[in-house]
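**Q** According to TrEMBL, the protein has these features:
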REGION    1-34  region 'Disordered'
COMPBIAS  1-25  compositional bias 'Polar residues'
DOMAIN    94-217  domain 'T-Q ester bond containing'
REGION    212-240  region 'Disordered'
TRANSMEM  248-268  transmembrane segment
Amino acid sequence: MTDKNGQFSTASNWASHKRNTNAGKSSEDGIWFGTSEPDDSKGALLYDTYEIEELACESNKGMKLIPAFEVVVSRNKVTIDLETLTDEYEKEITIHTTATDKITGEKVIVAGKKVTIVDTVTLDGLEEGRKYQLKGWQMLKEENAKLLIDGKKITNDYEFTADKENMEVQIEFTFDGSTLGGKQLVTFEELYDMTNPEEPKKVTEHKEINDEGQTVTIKEVPETPTPETPGTTTKTSNFPKTGDTANAILWIAILVLSAAGITGVRIWNKKKQVKRLGIEEKKEEKE
């Protein structure tokens, strides 16, 4: 382990081989290779080839670690000067996303059995030739919780190799959105460096629940009006409403006239019938 100045040595005059041998907890702990007892009069390393690898820690966080390299020890009490090894700052990868409906490209999607959201992701600061994986999932904005359909998260991922520093990639999410009318969905993303597939390293993320660019709105399906049957008409009543005095008087007058008309018809018919009877009686008398 290096000291606070970043210096390191296996020599006994730097740190006794006998002090906390191979503990590796501080720069003052001694180093000794081999099965014999530590001896400060000798070098700590046996004749052999050694690989030196920088380990990630809080001090080199955000920096590009020095690639592992080999050192050959072939002579006694000889110091191998590695000179100054410098960590470079890693480029900061920035991410910007826009989620839309796959079919229309709009921010509003009509609820349906098959809904597809396309998230267009713009990345800056990638390292050419490096393999990355973009992971994404859908969130319910109001609840600030992951969207579940039939108990399953709506997720997807996309792997690619950067062919330039700035790239635009797309990731799709297809699901049953028939019950999501009125909801707002937000797409969250994480980008991983896949240099070591066994231990992917997260290099950036975009998880802002109030970000408009990541948000789409699911719209209720509009109701279709039922068409009327051809040939049918709707009758409307013109009877007077309560409190409509003028209309009430008019309707009373109409009813009175209607009644008088009916009575007149009945009287006329009765007289006509009597007249016919009188003619028949006269005929009988003549006979």
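Cβ coordinates come from backbone N, Cα and C, glycine included.
All TrEMBL annotations are machine predictions without curation.
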**Q** Restricting to the domain 'T-Q ester bond containing' (94-217), what is the model's mean pLDDT?
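**A** A mean pLDDT of 95 is what the predicted model shows over the domain 'T-Q ester bond containing' (94-217).
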**Q** In the same chain, which residue numbers or ranges, 6 or more beyond the ends of the region 'Disordered' (1-34), come under 8 angstroms Cβ to Cβ?
**A** 40-41, 43-46, 48, 79
**Q** Looking only at the domain 'T-Q ester bond containing' (94-217), what are its DSSP counts of helix, strand and coil residues?
**A** 3 helix, 72 strand, 49 coil
